[in-house]
Amino acid sequence: MASRRGVVSGGTASCLTRAWQTTHAPEYIGFLVLLGAWLALAILTTPFHRLFFINDLRIAYPHALHERVSVFCMFMYALLLPLALLIACNLASRAPMSKHEVTYLPFLISLLLTSFLTDVVKNAVGRPRPDLLDRCRPSASTKPNVLVGIEVCQSHESFKLQDGWRSFPSGHSSFSFAGLGFLSLFLAGQLHVFDHPVGGRDLGRALICLLPLIGATLIAISRCEDYRHDVYDVCVGSALGMSVAYWSYRRHWPRLSSPKCSEPYPRPGSDLQSAAWQRVRDEETGGGMNRTGEEDYELQP
């Protein structure tokens, strides 16, 4: 009985190990862990409150009640729209399920990791937004040319006030480039934009791939127009989002100049699966051939 239990437990462990090595299970587990960390960060933490002057003109801009690109619209433009286009591209090309998986998984990882990194830096830096004074409404007795903190603020809107110290980097900019930037990279790979023998000299293909980046740029610019960020916040956020998008894309797809840039890397453990099929020696014939002249193969566990 004990030996049978040992065989069962050993078989289960072997199956789990093989599943871990031959599927994207580590990716999904890492995604869930990252999601939990991001939610905890968003719910439990507050930003560092950097001191400021009440006569600092850089933070004296009016607070825009209606944003040009709201949070809802940002999710529409940088998450739902790119995801719909990725799905449409794969359906149009009749891609196998494995290609679907390595398209959507790194796309979502790009967005989630960018959001997590952006919020970590935002809370750690605690840089005042250009409209901080309008959010804060400092008391009339506050003296100019003296560094003060959040204690002089008379605003009772907690989230609005706390968010006034989350200027660097721009979350809209990083999120937009993480989503639309990934879409641009995917389109460039599928259209072989940087594979010169195929499409490297086709301006039409290049312009198609530039459209998502133009959209992300316009979203980033809108944050300056709403006085939520300055140019420095927007540029750093855009670079962060695009960098994470490229990193996430290249983990599953070849470089864009590769002749095979339209096809993802082989599935995890594909080398192990192919190596498992080994030729076995036929004892009766004394070689690797059976009686019909064909090679004998056997799956070695």
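Every residue gets a Cβ built from N, Cα and C, even glycine.
These features come from TrEMBL:
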- 28-48: transmembrane segment (TRANSMEM)
- 69-93: transmembrane segment (TRANSMEM)
- 104-249: domain 'Phosphatidic acid phosphatase type 2/haloperoxidase' (DOMAIN)
- 175-193: transmembrane segment (TRANSMEM)
- 205-224: transmembrane segment (TRANSMEM)
- 260-301: region 'Disordered' (REGION)
Candidate ranges 28-48, 175-193, 205-224 - greatest C-beta contact count to the transmembrane segment (69-93) (under 8 angstroms): 175-193
Tertiary contacts of the transmembrane segment (205-224), as residues 6+ beyond its ends and Cβ separation under 8 Å: 67-69, 74, 77-78, 82, 170, 172-173, 176-177, 179-181, 183-184, 187-188, 191-193, 199, 230-231, 233-234, 237-238, 241
Cβ contacts under 8 Å made by the transmembrane segment (175-193) with residues that lie 6+ beyond its boundaries: 74, 77-79, 82, 85-86, 89, 93, 103, 106-107, 110-111, 113-115, 118, 199-200, 202, 205-206, 208-213, 215-216, 219-220, 237-242, 244-246, 248-249, 253-254, 256, 261-262
Confidence summary (mean pLDDT) of the domain 'Phosphatidic acid phosphatase type 2/haloperoxidase' (104-249): 95
For the domain 'Phosphatidic acid phosphatase type 2/haloperoxidase' (104-249), the number of residues DSSP places in helix, strand and coil: 100 helix, 3 strand, 43 coil
